[in-house]
Amino acid sequence: RTIEGKAWTKVNPNCGSTSFVVPDLISGQEYFFRVRAENRFGVGPPAETIQRTTARDPIHPPDPPIKLKIGLVTKNTVSLTWKPPKNDGGAPVTHYNVECLRWDRTGEVKETWKQCNRRDVEETKFTVEDLVEGGEYEFRVKAVNIAGPSRPSGTVGPLVVKDQTCPPSIELKEFMEVEQGTDVNIVAKIKGVPFPTLTWLKASPKKPDDKKPVLYDQHVNKIVGEDTCTLLIQQSRRSDTGLYTITAVNNLGAASKEMRLNVLGRPGPPVGPIKFESILADQMTISWLPPLDDGGSKITNYVIEKKEANRKTWVPVTNEPKECLFTVPKLMEGHEYVFRIMAQNKYGIGEPLDSEPETARNLFTVPGPCDKPTVSSITRDSMTVNWEEPEHDGGSPITGYWLERKETTGKRWTRVNRDPIKPMTLGVSYKVTGLIEGSEYQFRVSAINAAGVGPPSMPSDPAIARDPIAPPGPPIPKVTDWTKSSVDLEWTPPLKDGGSRVTGYIVEYKEEGKEEWERVEIRGTKFVVAGLKEGCFYKFRVRAVNAAGIGEPGEVTDIIEMKDRIVAPDINLDASVRDRIVVHAGGVIRIIAYVSGKPAPTVTWSRDDRALPEEARIEETAISSSLVIKNCKRSHQGIYTLLAKNAGGERKKTIIVDVLDVPGPVGMPFLTENLTNDSCKLTWFTPEDDGGSPITNYIIEKRESDHRAWTPVSCTVTRQNAAVQGLTEGKAYFFRIAAENIIGMGPFTETMKEIVIRDAITVPDRPEDLEVKAVTKNSVTLTWNPPKYNGGSDITMYVLE
């Protein structure tokens, strides 16, 4: 029968020997088998297989590995990678053997093929070491299973062994746009020898220069392949929108690429509070500000609802407004109303913004006149007009302004704006364009509320349309680095260019105590001042230049002493490393730390303030130090400390490493106790080592003393005792127990002695309170109570003596 089925199927009608070939099985299906003996009196009981058997072809050596490739080549090593064979021969490939063949300079074979690996290679990659620099070699690989090695793969080479390096490069698309809730894969193609260290950074769209390392968790993860690095974002959110930067670094240089991700969704609530621009007996004009978050898509309209303050039901008003202003009609005078507004884009309707209650009533007149406006930011075809709100708004909020202009040589005033200009918190300004260069203009403004348009202000002072120009403002310089004879300067352009493009900069410096400044003219925003005197103090400043001339200087606030810079050590863990690392036994412990400082710090590793395990290997680069332990064990867990020291001080970083494994054996003593004629009770202690994970279950197995096969006991046990049912009275049994955690099942602990299953009934205790109640010349009347314990069985009778 199959392991899923319960019905047994007869395989043969007649078999005279003690072996038989079972035909017509399904490849890959698992089966149980049983055999019955038959004589002239009939068929005996069956003998059944204990373990399942999988139908499969006989095992033979695997096919050769495929796609053998050469990776990093140095002056005495070659890194190889390959793919597993397409056919494993019916048994898993246990390891690989790597072979090499050396050629001499004449192109003839100098040696025979020989095995390069001293130990079994379990992964599909290997670095061949101890090669002769300048030698020519060929390589091939064999796969090995329990049936033996395969034929060799195709060869690669011959190649000359020498250092081969390549600086990093990155291929990455520049823009992605997805809908909220979609899984996002940002795939970067990576090149570089040696393979570079990869780091992802993220910046907000509003602050593109504020880049921070990406934090990895169940929502965001980094997956590094042979030549790719993928940033996986599951169930994307609006907060995932941003500028993502990947940086690749090896000892030959660094490269970086940026990609902008836009996650689209419903908009946020409008910005409040909701303002009542005008209030009438039958209508109210309300205004609001657009949402801070438009969901990544243009706001198409706003949905407005209303309700009376003493009611719970909202009534739709409109979904047509595209601007942040609307007049709600058909109100009832004297009734108090509450309004709510929701923004809508093509992805849906956002959260609402509620207003304060307001009563429909008439309480206002037209606003008073504004003060005389002023004119600023004058160019040859535009001017910016500025004004303040009028002192009196007529009892109704100002909803807008009409702005008018006229040339000083004319008499007719012309309206500038088609729609009313919206009021602002601190005054109002409006840029008037389309002016005629050289003409002189005046402006006046009128305020608007719910009652209408107020009187115009006094005209502004005349202003002529023409371009202004002035020298630029000061740049903002800073010192980024220095040595005993040079200083690295960097600056940002001036906030004001004076109305003309900045064409260059002048860097000035002088020794402290001297009057004369040395100057250098450059075009960029960085410069290294060299040839300075060791031990002296210097001042630095930078000026910007445009068509109007040289601007004011921007000075470096500090006076710089010419000496080698000392920077205390700093340690930053790689984004793939946290303060606590959890790995499974047999996995790889890998701690990557980036160490900086001047001079270069010395780095030491320790575990629990003692030496590292023998299996630990330290990998050093110019900017990093990595600790690697392959095939780790429980004994490798602990607190690992990285110490960096230089003349500027020292810095420590600790990482807690937990190694999870299957639990140890359950504790002794292991007690058994008869319960009934078909069951017994087992009691044990928890394992001393739970493998780093709580015990979730105990596995119990039994076997009869005259059998060798163990049979699982069908129960799930989470405590340290269990009653085993379904035993045979009079049979002797052995039991064994193993603990199980999330990693797997630990070793079994077996009972030392067999236990015979029998009924645990004993004789009852003595009866209680025996008394003589009545006595005659030939009889005695006695009474008593039953015993406190009946021995595990009902009292059947009493014996009177």
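Cβ from N, Cα, C; glycine included.
What TrEMBL says about this protein:
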type: DOMAIN; residues: 1-57; note: domain 'Fibronectin type-III'
type: DOMAIN; residues: 64-168; note: domain 'Fibronectin type-III'
type: DOMAIN; residues: 167-262; note: domain 'Ig-like'
type: DOMAIN; residues: 270-363; note: domain 'Fibronectin type-III'
type: DOMAIN; residues: 369-468; note: domain 'Fibronectin type-III'
type: DOMAIN; residues: 471-565; note: domain 'Fibronectin type-III'
type: DOMAIN; residues: 569-656; note: domain 'Ig-like'
type: DOMAIN; residues: 662-760; note: domain 'Fibronectin type-III'
type: DOMAIN; residues: 766-801; note: domain 'Fibronectin type-III'
Mean of pLDDT values spanning the domain 'Fibronectin type-III' (64-168): 87
Stretch contact, the domain 'Ig-like' (569-656) with the domain 'Fibronectin type-III' (662-760), Cβ-Cβ under 8 Å, 3+ pairs: yes
For the domain 'Fibronectin type-III' (64-168), the number of residues DSSP places in helix, strand and coil: 0 helix, 51 strand, 54 coil
Dominant neighbour of the domain 'Fibronectin type-III' (662-760) in 1-57, 270-363, 369-468, 471-565, by Cβ pairs under 8 Å: 1-57
Residues of the domain 'Fibronectin type-III' (662-760) by DSSP state, where helix covers H, G and I: 0 helix, 46 strand, 53 coil
DSSP-derived helix, strand and coil totals, residue by residue, for the domain 'Fibronectin type-III' (270-363): 0 helix, 50 strand, 44 coil
Per-state residue totals over the domain 'Ig-like' (569-656) - DSSP helix, strand, coil: 3 helix, 54 strand, 31 coil
